[in-house]
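What follows is a single structure, written as structure tokens, with notes after it.
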Amino acid sequence: MGFAELLEEAGGFGRYQWLHVTLISLPGLMMASQNLLNNFVSGSPAHHCSLPTNHSSRYNLSHYQVDEKQLLRAFIPMDSSGSRLDRCRRFVEPQWQLLAANSSANVSQIPTEGCLDGWAYDRSEFLSTTVSEWDLVCGLRPLKQMIQTIYMGGVLTGAIVYGGLSDRYGRRSVLIWSYLQLGVLGCSSAFLPSYSTYCAFRFLSGMAVSGVILNGFSLKVEWIPTKQRTLVGTLTSFFFTFGQMILAGLAYWLRDWRKLQLVVCLPQFLFFSYSWWFSESARWLVLNRRSEDALKSLHRVARVNGKKDIEDTLTLEVLHSNMKKEMDSSRSTFTAYDLLRTRQMRRISICLLAVWFATSFAYYGLAMDLQKFGVSIYQIQLIFGAMDFPAKLLALGMLSYLGRRVSQATCLFVSALFIFANILVPADMQTVRTTLACLGKCFTSASFTTVYLYTGELYPTVLRQTGLGFVSTMARVGSMAAPAVLILDEVLPALPSLVYGGAAVLASIFACFLPETLNKPLPDTIEDVEEKGSETNLAPLQPEAGVALKEGVVTTEGVALKELKEAEESGLNAL
């Protein structure tokens with residue numbers, strides 16, 4: 001409890017923490033726009049082959065008293081459903097007989113060809129998208145989803161790169177750089193002339209998104225006292241929920257992919273401008289042998305919180321005394337290998353890999369193909385965002401009273417039940433299918449809220465960013481794999497849902513093997529994790545030297561009964 005006591009002396013969750021948490025959480029409004037942007041930027045408008053060049057003069061169409069829509073029947077065949085024009089084929093020669101009323105001509109034997117003159121797009125839903133600008137349809141249709149896959153590849157790469165860099169160079173520095181990178185590259189993407197360069201810039205933007213999310217989370221949680229972490233962690237996740245609704249409104253208002261791309265990235269410059277105000281994590285500074293900087297940060301936080309007299313009592317000696325154990329056991333550098341080197345760290349990492357993968361896999365399987373629901377893409381995005389509110393409030397109650405482990409397992413399992421239930425609903429019952437999909441998406445969203453908080457509490461300070469980056473790579477793998485699984489519906493329509501739901505069920509089992517962290521102090525070192533997760537902690541504890549702050553003098557006392565109880569609980573809950 002060394003640093004936790006120092007934080008309480010500096011005002012606990014005071015004015016500084018309110019400002020700090022709010023300013024770090026604000027970019028969450030735009031993170032939803034980044035992750036779900038491809039739904040609108042690369043939306044697929046209704047389309048068909050363009051008519052042959054100069055078709056009006058070539059075929060002397062003045063003899064035919066029909067409008068343009070009726071005329072299309074002579075040039076474009078109907079698709080297999082018979083309800084709309086084929087998107088990728090046209091007749092080699094116009095079939096005028098099809099313009100006659102009640103025509104029953106057999107068109108199956110009529111020669112067709114590809115869209116040699118390009119495509120014509122319906123502009124009622126989207127004015128312009130990457131699909132309509134670069135003709136990512138028919139044979140090039142997979143390139144549309146490739147944009148999202150490349151972006152998620154960037155997010156994955158950023159989780160690995162920026163997770164390690166922030167444990168080495170600090171959360172604040174990497175966070176500031178990530179804001180700038182996302183602002184510059186994101187806005188530049190709106191002016192790129194080609195598909196390949198756009199994909200490259202989206203990859204780099206994805207890296208920056210990981211830097212913002214991971215470092216913002218760690219910098220936030222490391223300044224929050226233990227008792228407030230659950231409430232603050234859940235409430236700040238609503239910024240992402242609001243962001244989904246904001247994205248729906250912006251996309252409906254702009255309807256042009258370049259304008260939308262620019263608008264959702266411009267706020268990053270605002271976030272960059274005020275991010276210099278943040279204080280670096282004092283925990284990280286102490287464990288990286290920068291105690292003087294850590295003391296300055298604590299004094300600054302105390303002044304903002306109205307505890308100006310603490311500068312006389314909180315000295316460098318007191319800081320070292322309270323965190324002597326952590327400083328003695330910490331090393332200068334850590335790698336991803338340390339996440340698997342010891343028993344408890346290995347168990348935590350393996351279980352979290354499964355949970356992160358399944359959560360992202362199911363979430364993006366539901367959220368990245370909004371056009372399949374048969375209603376306005378803007379409406380379904382708004383509904384998906386709004387449905388997060390009751391789910392996250394439920395998650396808040398579960399996290400506070402049932403604990404992290406039960407909440408994580410329950411959210412994953414219930415989301416799987418809704419995904420499986422959708423298999424049994426006939427395709428023509430769109431309302432029921434959409435409702436079940438929304439409920440499934442709600443619980444996967446609640447699972448995301450839980451796993452972010454849970455992961456930050458499970459990993460120690462010296463490896464928190466590396467750990468977050470390591471396990472969240474599986475979330476990016478899941479988000480990259482989710483669109484590919486949709487191809488399985490050609491084999492069996494229910495197969496994608498079986499895969500999404502099955503992954504969630506397996507992950508809920510893995511979640512049951514994680515240790516509980518409700519109301520437990522954040523671990524600072526690997527030794528803290530191993531001690532709390534070991535059954536040997538159940539043995540009677542001998543009195544140890546403790547450190548108290550009293551008029552600037554370091555005094556020693558035996559372990560308090562409260563501390564003894566917490567130590568015993570940490571051992572009981574390790575399993």
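Don't overthink the numbers, they just go from 1 along the chain as shown.
Note that Cβ sites are derived from N, Cα and C of the backbone, with glycine treated the same way.
As the structure is a computational prediction, the values presented were derived from the model and not from experiment.
What TrEMBL records for 98-519 is domain 'Major facilitator superfamily (MFS) profile'.
Annotation source TrEMBL lists transmembrane segment at 146-165 (among others).
Outside the transmembrane segment (174-194) by six or more residues, the chain places 27, 34, 134, 158, 162, 165-166, 201-202, 204-205, 207-212, 215-216, 219, 258-259, 261-262, 264-266, 268-269, 271-272, 275-276, 278 with a CB less than 8 A from a CB of the stretch. The annotation transmembrane segment is assigned in TrEMBL to 174-194 (among others).
What TrEMBL records for 200-219 (among others) is transmembrane segment.
Residues annotated as transmembrane segment in TrEMBL: 231-254 (among others).
Residues or ranges marked as transmembrane segment in TrEMBL: 260-279 (among others).
If you look up TrEMBL, you'll see 348-366 (among others) marked as transmembrane segment. Taking Cβ pairs closer than 8 Å, the transmembrane segment (348-366) reaches residues 339-340, 408, 412, 415-416, 419, 437, 440-441, 444-445, 447-448, 451, 454-455, 458-459, 467, 470-472, 474-479, 481-483, 485-486, 496, 500-501, 503-504, 506-508, 510-511, 513-515, 529, 533 in its own chain, all 6 or more past its ends.
Tertiary proximity for the transmembrane segment (378-402) is limited to same-chain residues at least six positions away from its ends with a CB under 8 Å from its CB atoms, namely 32, 36, 39, 230-231, 233-235, 237-238, 240-245, 247-249, 251-252, 367, 370, 410-411, 434, 438-439, 441-443, 445-446, 449-450, 453, 518. Taken from TrEMBL, the feature transmembrane segment covers 378-402 (among others).
Long-range contacts of the transmembrane segment (409-427) within the same chain, counting only residues at least 6 positions beyond its ends with a Cβ under 8 Å from a Cβ of the stretch, are 355, 358-359, 362, 366, 395, 398, 402, 433, 436-437, 439-444, 446-447, 450, 493-494, 497-498, 500-502, 504-505, 507-509, 511-512. The annotation transmembrane segment is assigned in TrEMBL to 409-427 (among others).
Among the features that TrEMBL reports, transmembrane segment is placed at 433-455 (among others). Outside the transmembrane segment (433-455) by six or more residues, the chain places 217, 221, 229-230, 233-234, 237, 241, 352, 355-356, 359-360, 362-363, 366-367, 373, 375, 380, 383-384, 387-388, 390-392, 394-395, 399, 404, 407-408, 411-412, 414-415, 418-419, 421-422, 425, 427, 467-468, 471-472, 504, 514, 517 with a CB less than 8 A from a CB of the stretch.
The transmembrane segment annotation in TrEMBL covers 467-488 (among others). Long-range neighbours of the transmembrane segment (467-488) within the same chain, counting only residues 6 or more positions beyond its ends whose Cβ lies under 8 Å from a Cβ of the stretch, are 145, 148-149, 152-153, 155-156, 159-164, 210, 214, 217-218, 336, 339, 349, 352-354, 356-365, 368-369, 455-456, 458-459, 495-496, 499-500, 503.
Feature annotation from TrEMBL assigns transmembrane segment to 494-514 (among others). Only residues 6 or more beyond the boundaries of the transmembrane segment (494-514), in the same chain, are considered here, and those with a CB under 8 A from a CB of the stretch are 347-348, 350-352, 354-355, 357-359, 361-362, 365-366, 404-405, 408-410, 412-413, 415-417, 419-420, 422-423, 444, 454, 458, 478, 482, 485-486, 488.
In the predicted model, residues of the domain 'Major facilitator superfamily (MFS) profile' (98-519) average a pLDDT of 83. Long-range contacts of the transmembrane segment (200-219) within the same chain, counting only residues at least 6 positions beyond its ends with a Cβ under 8 Å from a Cβ of the stretch, are 24-25, 27-28, 31, 34-35, 147, 150-159, 161-163, 166, 171-172, 174-175, 177-179, 181-182, 185-186, 188-189, 192, 265, 278, 280-281, 452, 456, 464-465, 468-469, 472, 476.
Same-chain residues lying 6 or more positions outside the transmembrane segment (260-279) and placing a CB less than 8 Å from one of its CB atoms are 20, 23-24, 26-27, 29-30, 33-34, 37, 40-41, 172, 175-176, 179-180, 182-183, 186-187, 189-190, 205, 219, 223, 247, 250-251, 254, 297, 300-301.
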